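Asker: Input: one structure, supplied below.
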Amino acid sequence: MTDTRNGEDNGKLLYCSFCGKSQHEVRKLIAGPSVFICDECVDLCNDIIREEVQEAQAESSAHKLPAPKEISAILDQYVIGQERAKKVLSVAVYNHYKRLNQRDKKDDVELGKSNILLIGPTGSGKTLLAETLARLLNVPFTIADATTLTEAGYVGEDVENIIQKLLQKCDYDVEKAQMGIVYIDEIDKISRKSDNPSITRDVSGEGVQQALLKLIEGTVASVPPQGGRKHPQQEFLQVDTRNILFICGGAFAGLEKVIQARSTKGGIGFGAEVRSKQEGKKIGESLREVEPDDLVKFGLIPEFVGRLPVIATLEELDEAALVQILTEPKNALTKQYAKLFEMEGVDLEFRSDALKSVAQRALERKTGARGLRSILEGILLDTMYEIPSQQDVSKVVIDESVIDGSSKPLLIYENSEPQAKAAPDA
């Protein structure tokens, strides 16, 4: 019997039965009944099987569309609050992909595409909602910044580059890209503004809206396979955008005033209704009453508004919501930093007063949840710098005094008393 481990057969030179390489050309030759296979062919077989399994899983997941309640439940694991926005998004996304699953079947009814507009303050979770949806549905996803986009002929980024980015996310698989999701952020920044002093781009923003309009409503975009205009001889890829779900998001600062002006009853004289400036609703409550005409008055062109029929508004995050964001989601920041410290063999504890203080600081900065990471990074920077070089530290405790800068984190050593130093005077 041959030695199956070393590929030696009584001194004879052995060859792989699949690729024909000799035992000296490969690292390992494995013997079976009258056949041999080398390590390279084993790796190749594993790659083939892995690809086929992944394709089968992707195909099955495409047909297994989660119900709106299931989509919302998964969003709950990552996004705190914003219940109405989750419900609107869940139904819209469910209907969109249900429509795609039915598109090959002959039917008298043609289902239209419902793109989505997310309106909410900075750091309220617009981008996170879109990212989580794409991850849940296992479809290509890309983010574009509307402020960098220009119409053709101006200095800046062409709208077709959005589709290029989407293709890059799925290795230029056109079929996959045509099932993807595109999130366009800062969409409110391309509203028409006659006082825009810029001379290097479309000064009104209307040109960018017109260019995006064609992409969003459905067109066949020609995209070079490997970037830009450097190789004009390359054959362009044709991507049909009719089935790509576009989600546009923006803070729309000042939109609540447009809504309030519309909803406030007019009148003069003794019969007029008197309203103080302080009397009114929170911004989130006002945004919930938004209508297409309000968006047109804000500066979006009517055709563009018409292509975004599903509108979801997000509430401002209060202190309690920010504390929840710090601790509850699967990817909560406190859990992430605790994991980093755990890799050093150290426990990290945030006291409740510290979490409230971090939330208050984020509210003061008006950055919402987006500012939480930078606050924690600044607080933990020195500790993360020192801990890998220190021995016997078993726990780090963060309390309110650390957040306000009056003391350093409390370090607890193995078999010793906790130590904390006062922060140096500013």
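Using the three backbone atoms N, Cα and C, a Cβ is placed for every residue, glycine included.
Just lifted these from Swiss-Prot, have a look:
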{"type": "DOMAIN", "residues": "4-57", "note": "domain 'ClpX-type ZB'"}
{"type": "BINDING", "residues": "C16, C19, C38, C41", "note": "Zn(2+) binding site"}
{"type": "BINDING", "residues": "P121, T122, G123, S124, G125, K126, T127, L128", "note": "ATP binding site"}
Asker: Just the number: how many Å between the Cα atoms of C16 (Zn(2+) binding site) and G123 (ATP binding site)?
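Answerer: The separation of the Cα atoms works out to 59 Å.
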Asker: Between the Cα atoms of C38 (Zn(2+) binding site) and S124 (ATP binding site), find the distance and write it as a whole number of Å.
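Answerer: The Cα atom of C38 (Zn(2+) binding site) is 55 Å away from the Cα atom of S124 (ATP binding site).
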Asker: Should any of the binding-site residues G123, G125, K126, T127 have a Cα within 10 Å of the Cα of C41 (Zn(2+) binding site), which are they?
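Answerer: So far as Cα distances go, none of the binding-site residues lies within 10 Å of C41 (Zn(2+) binding site).
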Asker: Round to the nearest Å and give the CA-to-CA distance linking K126 (ATP binding site) with C19 (Zn(2+) binding site).
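Answerer: Computed Cα spacing between K126 (ATP binding site) and C19 (Zn(2+) binding site) is 53 Å.
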Asker: By Cβ count within 10 Å, point out the most packed of the binding-site residues listed: C19, C38, C41.
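Answerer: Top count of Cβ atoms within 10 Å goes to C38.
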Asker: Just how many other Cβ atoms lie inside 10 Å of the Cβ on L128 (ATP binding site)?
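Answerer: Excluding its own Cβ, the number within 10 Å is 20.
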Asker: Sorry to bug you, but what's the C-alpha spacing from C19 (Zn(2+) binding site) to S124 (ATP binding site), rounded to the closest Å?
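Answerer: Given the Cα positions, S124 (ATP binding site) is 57 Å from C19 (Zn(2+) binding site).
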Asker: Cα-Cα separation of C19 (Zn(2+) binding site) and T127 (ATP binding site), in Å?
Answerer: 49
Asker: Across the whole of the domain 'ClpX-type ZB' (4-57), what does the mean pLDDT come to? Round it, please.
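Answerer: It averages 82.
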Asker: Please report the number of other Cβ atoms within 10 Å of the Cβ of G123 (ATP binding site).
Answerer: 23
